[in-house]
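Record features (Swiss-Prot):
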type	residues	note
TRANSMEM	4-24	transmembrane segment
TRANSMEM	54-74	transmembrane segment
TRANSMEM	80-100	transmembrane segment
TRANSMEM	112-132	transmembrane segment
TRANSMEM	154-174	transmembrane segment
Amino acid sequence: MVSMFWLLATFAYLLGSLSFAILLSRLSGRPDPRASGSGNAGATNMLRLAGKKLAILTLLGDLCKGLLPILIASAWNLNIAQQGWIGVCAVLGHLFPVYFRFRGGKGVATAAGVLLGLYPPAAALAIAAWLLTLYLTRTSSLAALIATPLTLPLLAWQEPHALLPMSVLTLLIVWRHRGNLRDLLAGRERHF
């Protein structure tokens with residue numbers, strides 16, 4: 001199973017490296033999301049740049065690239081910790097895509113897909129917290145910064161073996177939002 005773990009970890013990274021925001025913007029003749037809007041290759045920036053349809057497709061694609069490797073790992077009976085590390089690899093692919101000069105997105109939708117595969121109640125909690133925070137603040141980055149860490153106590157209680165990889169995943173997402181944190185603290189963060 002160790003070799004299957006490494007095979008799936010590599011697959012997850014390579015799948016995570018497929019940036020739906022970049023691919024869909026190229027296919028539709030829209031500007032590269034890394035060079036326009038917020039500069040992020042993700043669904044929120046695609047909503048700003050290309051509208052709802054491409055944003056939804058980006059969101060679903062990014063979510064699926066986190067979910068699919070977990071489902072495959074589960075089908076191969078890899079343990080929950082291994083599945084969690086495979087999910088981290090998918091998010092790393094999204095953050096640092098080999099196909100796009102290691103300039104990717106922030107990993108929120110991909111992380112949601114990972115959580116959906118690992119422990120659906122944690123994904124439901126994260127999505128509900130994200131939607132509520134977005135509704136109340138109109139700030140996508142703040143929603144991500146609240147929703148992702150909020151899942152950790154639930155995972156510690158219900159899936160403790162997934163806690164370490166999901167803590168690493170949370171730290172990656174918070175780190176990737178460090179510019180947004182500065183803007184939030186300075187009152188400059190973009191709102192919808």
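Our numbering is plain: 1 for the first residue shown, then up by one each step along the chain.
Glycine is treated like the rest: Cβ placed from N, Cα and C.
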Dominant neighbour of the transmembrane segment (4-24) in 54-74, 80-100, 112-132, 154-174, by Cβ pairs under 8 Å: 80-100
Recorded stretch, among 80-100, 112-132, 154-174, maximising Cβ pairs under 8 Å relative to the transmembrane segment (54-74): 112-132
Residue numbers, six or more beyond the limits of the transmembrane segment (80-100), whose CB comes under 8 Å of its CB atoms: 1, 5, 8-10, 12-19, 22, 34, 41, 62, 65-66, 69-70, 73-74, 106-107, 110-111, 113-115, 117-118, 159, 161-162, 164-166, 168-169, 172-173, 176
